[in-house]
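Working notes, structure below.
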Amino acid sequence: MSDYDALLLVSFGGPEGPDDVMPFLENVTRGRNVPRERLEHVAEHYHLFGGVSPINEQCRRLKAAIEADLAAHSIELPVYWGNRNWTPYLADTVRQMAADGVRRAAAFVTSAYSGYSTHQQYLEDIARARDEVPRAPQIDKLPVYCRRPGFVDPFVDGVRDALTRLPRDARLVFTAHSVPLAQPGREAYVAELEDVAATVAERAAPGRPWALVYQSRSGPPAQPWLEPDVCDHLDKLASEGVGAVAVVPIGFVSDHMEVKYDLDVEAADRAAALGLRFERVPTPGADPRFAALARELITEPAGGAAPDAGR
Ligand SMILES: CC1=C(CCC(=O)O)c2cc3nc(cc4[nH]c(cc5[nH]c(cc1n2)c(C)c5CCC(=O)O)c(CCC(=O)O)c4C)C(CCC(=O)O)=C3C
Ligand SMILES: [Fe+2]
């Protein structure tokens, strides 16, 4: 077993009502050179959903699934939840953990990959939260898990299922959040995404053409970000005579706003305008296999041979 006395679920955070939207967006983009126009545009996405981000409900369901999995394995470990950008804020959760006597916690982060936005930024925010709290517990971020079966297998099943509803010429379109080309860790992020896309494609639909594309670009237009954009890619497929796509958001762990708006509204509308049949594959969310991954990462021997999802 492990030496941990708590599990901390760390997530992005999102607004819980219309008045939260702008303060949330300001938290996310503080010091980040995101144009005001872009913020106002993204605020509209949240307002379409009543100002409530789907990410909070996703986190509550994942937390409950992790608690159920731990209980089923007779592991008594309290599970806490804290966010980088909205309530419950990490610092408040860490303060509660300290008050409860937690000394050493494992952090399971709702982001699967290496890279700055996906890994380093979470470490920095955990460190900042600990700095705010006297006698804060030690908090170890669990390893990057994008290649693990608990993350990959739900996508494989989801692709197989989507393809049963699509014609034979359907293409696989894997998507992830774009980041600036200059962002530290970008090479590792892209290499992992390519690897996970290839694994899912090979296991779910061997021989079928696929592409890795990006979405949700932000930042000033002159700054280069990872491309191609998902909607541009749909244009290209339609122009080549392709009639259907299964869109697979491998860059994300839950169906939050970047999935519910940028794919289910924006990309789906583009596909409809192009006459492309469109299926969006679910993310792992609160899948029991994904919840079990948190336990596996805590209980397996450090440096031990971690099983990957196979190719
Ligand atoms: C790689 C990556 C992930 C995946 C890893 C992970 O999951 O963590 C991710 C996730 C998310 N991003 C989210 C929301 C936002 N991201 C923004 C801005 C940015 N994201 C970036 C990258 C990523 N973001 C970057 C490089 C920026 C530019 C500013 C900066 O350098 O930081 C902005 C500002 C407005 C805009 O510019 O779009 C918002 C509102 C939400 C919550 C959704 C919800 O509410 O359901 C989630 C899960
Ligand atoms: Fe983001």
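Note that Cβ sites are derived from N, Cα and C of the backbone, with glycine treated the same way.
As given in TrEMBL:
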BINDING   S53, Y122  Fe-coproporphyrin III binding site
BINDING   H177, E258  Fe(2+) binding site
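S53, E258 are the binding-site residues among S53, Y122, E258 whose C-beta comes within less than 6 Å of an atom of ligand 1, given in sequence order. Cβ neighbours within 10 Å of S53 (Fe-coproporphyrin III binding site), excluding its own Cβ and spanning all shown chains: 24.
Mapped onto three states, the DSSP output places Y122 (Fe-coproporphyrin III binding site) in helix. Same-chain residues at least 6 positions away in sequence with a Cβ under 8 Å from that of E258 (Fe(2+) binding site) are, in sequence order, H177, Q215, S216, P249, F252.
Under the DSSP three-state reduction, H177 (Fe(2+) binding site) is assigned to strand. Taking all protein chains in view, 23 other C-beta atoms sit within 10 angstroms of the C-beta of H177 (Fe(2+) binding site).
Y122 (Fe-coproporphyrin III binding site) counts 21 other C-beta atoms within 10 Å of its own C-beta, drawing on all protein chains shown.
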